[in-house]
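Visitor: Below is a structure I'd like to ask you about.
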Amino acid sequence: MAMAMAAGYGQIPFDEEMQKSFRPPPPFHDSVGDGDHHILKPYKKSNRLVSLDAFRGLCVFLMIVVDYGGSVFPIIAHSPWNGLHLADFVMPFFLFVVGISIALVYKKAPNRLEATWKAMGRAAKLFLLGILLQGGFLHGLNSLTYGVDLERIRLLGILQRISIGYIVGALCEIWLSRRTRREVGILKSYYLHWFAAFAIIAVYLGLLYGLYVPDWQFFVPGEGYSDLPLDAHEHTVKCSVRGDVGPACNSAGMIDRFVLGINHLYAKPVYKNLKECNISSDKVVPESAPSWCHAPFDPEGLLSSLTAAVTCLIGLQYGHVLAHLQDHKGRLENWCGFSVAFLVLGLFLALLGFPINKPLYSISYMLITSATAGITFCALYLLVDIYGYRWLTLPLEWMGKHALSIFIIVSSNLAVILIQGFYWKSPENNLMNCIVSLFVHR
């Protein structure tokens, strides 16, 4: 439960004042008549914000769709490098909803030190769970065994990134919020959050464009890596550049190789699908491909986690609007204002040449996806919490309330591993292999 609350999953503890912020404010008089108060009746059954659960469930649903549908429909899978596909919206959406939840959980923190320890404990548990699920301990379709060499365990991943965003957002909310007895404006109360976001972005830009990346070598043995030949040898990547944002010579990869070690990075980065790598249908990179095509790279790396944390801080500000404003119109006006501003700025930066890049979690990518998350949340809030069409999002609401459990069972391949454990005569004759052969390798 602690891990679920840490990432914005599951039930959120409410005090009396927090419950008041969730009770539905009066409807618009300019768009909904006085006789239409019945549209808010679904809210009487629960003080939970239904659209928040629905948005969280949408994140889980999208993750399942792109994880299992990306092999069949590559257009929805992650973009190999620059660009935006459907899968590239999932992580920012998760971080955004975590930020909103933080604003509600830590709306009151009378004992800041105690709240800090609790936040750090929740983040640590979530981080360790991520290593267990995505570190390589659980194997996929090609192996019915389990276990991982500690020299090759992947240290970062989806839940680890969420835990980093969570702890940054929680610390900002606990220590940098200006709490006074009298009511002050939202921006004035949380202006230090914006300073923190700008400082993180400045550090990110300085490291991404300021660090010198020399030539580098790596050796990845073929055994255990299906996309490398068994007689793999040492590869050399020619760089000697500064400020490169390509897959070979960016400073994000250099930082991860130096701090974490190349053997602890993701062994099958999506940039191997670029034309330059000439990957075959059975996911093998030919020896004639550029050397960097064989190298591991972590899309949830250290440097990109900085701007990922900023997405969480942006969601935090949407949560402040939810917690402090009591009318639908005021909330929507603020949320739409934020979203439009972020979208315009992100598109402007993209036009200036800042790439929209998920593996590097570029500034333009962060702004555009945060704006999209804000617009999506506004739409769900309008549909469910204002007009009362809760029945349309009931499946998403259920998924949102059980998001962490679904992630563990489905998105981390536990369900796949359990199903493929039953086979006919030989391990290759299992249900999952039949599905893959019928729909993926046709």
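Just so it is clear, glycine is given a Cβ too, placed from its N, Cα and C backbone atoms.
Source: prediction; values computed, not measured.
So TrEMBL lists the following for this protein:
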- 48-171: domain 'Heparan-alpha-glucosaminide N-acetyltransferase catalytic' (DOMAIN)
- 54-77: transmembrane segment (TRANSMEM)
- 89-106: transmembrane segment (TRANSMEM)
- 126-146: transmembrane segment (TRANSMEM)
- 158-178: transmembrane segment (TRANSMEM)
- 190-212: transmembrane segment (TRANSMEM)
- 302-323: transmembrane segment (TRANSMEM)
- 335-356: transmembrane segment (TRANSMEM)
- 362-384: transmembrane segment (TRANSMEM)
- 404-423: transmembrane segment (TRANSMEM)
Visitor: Looking only at the recorded stretches 54-77, 190-212, 362-384, which one has the largest tally of CB-CB distances under 8 Å to the transmembrane segment (302-323)?
Guide: 190-212
Visitor: With Cβ distances under 8 Å as the criterion, find the stretch in 89-106, 190-212, 362-384 that has the most pairs with the transmembrane segment (335-356).
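Guide: That would be 362-384.
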Visitor: Tally of helix, strand and coil residues over the domain 'Heparan-alpha-glucosaminide N-acetyltransferase catalytic' (48-171) according to DSSP?
Guide: 80 helix, 3 strand, 41 coil
Visitor: Counting only residues 6+ away from its ends, which parts of the chain sit with a Cβ under 8 Å from the transmembrane segment (158-178)?
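Guide: Counting only partners 6 or more residues beyond its ends, the transmembrane segment (158-178) has Cβ contacts under 8 Å with 6-8, 91, 94-95, 98-99, 102-103, 106, 109, 112, 115-116, 119-120, 122-124, 126-127, 129-131, 133-134, 184, 188-193, 196, 200, 300, 305, 308-309, 311-313, 315-316, 407.
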Visitor: Please determine whether the transmembrane segment (404-423) and the transmembrane segment (54-77) are in contact (criterion: at least three Cβ-Cβ distances under 8 Å, sequence separation 6 or more).
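Guide: Answer yes, regions in contact.
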Visitor: Do any residues, 6 or more residues outside the transmembrane segment (54-77), come within under 8 Å Cβ-to-Cβ of it, and if so which ones?
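Guide: The answer is 8-9, 85-87, 89-90, 93-94, 97, 270, 273, 376-377, 380, 384, 393, 395-401, 403, 406-407, 410-411, 436, 439-440.
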Visitor: If we skip the immediate neighbours and take only residues 6+ beyond the ends of the transmembrane segment (190-212), which ones have a Cβ under 8 Å from one of its Cβ atoms?
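Guide: Distant contacts of the transmembrane segment (190-212): 168, 172-173, 176-178, 241-243, 245, 250-252, 254-255, 303, 306-307, 309-310, 313-314, 316-317, 320, 360, 363.
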Visitor: Can you give the mean pLDDT for the domain 'Heparan-alpha-glucosaminide N-acetyltransferase catalytic' (48-171), rounded to a whole number?
Guide: 90
